[in-house]
Amino acid sequence: MEVNRDEAERCIDIATAALSNEQPEKAQRFLEKAQRLFPTEKAKVLLEMIAKNGFTPRGGHSDFNGQSGPRQRQPNSDDTRPEAKPSEKSYTADQLDSVRRIKQCKDFYQILGVQADASEDELKRSYRKLALKFHPDKNHAPGATEAFKAIGNAYAVLSNASKRRQYDQCSEEKKNPSSSGPENENFEADISPEDLFNMFFGGGYPSSSASMYANGRMRNQRRDRRERPREGGFALFVQVMPILILVIVSALSQIMVNSPPYSLSYRPSAGYTQKRLTMSLKVPYYVGEHFSREITGLNLKNLERTVEDDFISNLRNNCWKEKQQKEGMLYRARYFGDNDLYQRAQRARTPSCAKLSEITASLHG
């Protein structure tokens, strides 16, 4: 199956070169052959664009056609005959300079271009910008893949509070925390650069880009996991035992700790059957049957203030998630020129944000 993948990639390269040379019929033949060998989203999108536009994508989707090969003679025999390989993908001097800058960075903060006291939002903005700029499907300069991996590793470490604290401590002890280059072996990310990118942008790049680390650590790690022999039942028990202990301890703690006097659930639940509204913001919450007799006066006022604080905190979290999802859809739509996705993103509702704005206005009004 791996041989078919490589042959399919070769057919896609020939097809993109044929599109550049205004040979849509030849491109279509090789794309169809690539789909028979190893179906990919990239070949599927190009076929759809040829069928829709009759030639090359409108608006110049260079991410799918980043090569410019010489005009080739139309073959008279079998399509499987080896063809001349198209020239290497082009890149700009600015892209090459950017890759060199990343390679010269001495620490993760330099890679992301932020200060050592950068906030979480600043890290996200920087990673989002750099990840799109250095993704190997967009940047074909030599070393772009390594730079993309370094950017992902830097963000994965600095966005983790515990790892960032350890990294900062190491930086204090060692003036040059990355003497061997941006990839510091002592601070490896728990997530691959591609998976991190997909988490931010919702899998916005074609699936064929999953092979971009064919010579790197990511492919080797997956192969190691496939080739790892199956371990016995005792080893499995040892691995599961910490989880069992955690479940038991959690259950005991739930038994020993008193249940909270209220629930912010949207419907009645076990022990919380009576619906109430807070006096100030009219936030709905559920309590037990004896709540009215046990909590009154100042205690009730303090409890309702806590209910409203928890409710607002939940709204903030949900609002942030809604904005992240909408922003990710907009990024993907703009990058791939997908008008339908762009319209869906524009129409996407953010009910938590609307409710939060309404409450904020009432508090200040």
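Every residue, even glycine, has its Cβ placed from backbone N, Cα and C.
Sequence annotations record features per position, and here TrEMBL assigns region 'Disordered' to 54-96 (among others).
The feature compositional bias 'Polar residues' is assigned by TrEMBL to 64-75.
According to TrEMBL, the compositional bias 'Basic and acidic residues' annotation covers 76-88 (among others).
Here TrEMBL flags 107-171 as domain 'J'.
Taken from TrEMBL, the feature compositional bias 'Basic and acidic residues' applies to 165-176 (among others).
Residues or ranges marked as region 'Disordered' in TrEMBL: 165-188 (among others).
If you look up TrEMBL, you'll see 234-257 marked as transmembrane segment.
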**OP:** Summarise the model's confidence over the domain 'J' (107-171) as a mean pLDDT value.
**Re:** 88
**OP:** Provide the three-state DSSP residue tally for the domain 'J' (107-171): helix first, then strand, then coil.
**Re:** 46 helix, 0 strand, 19 coil
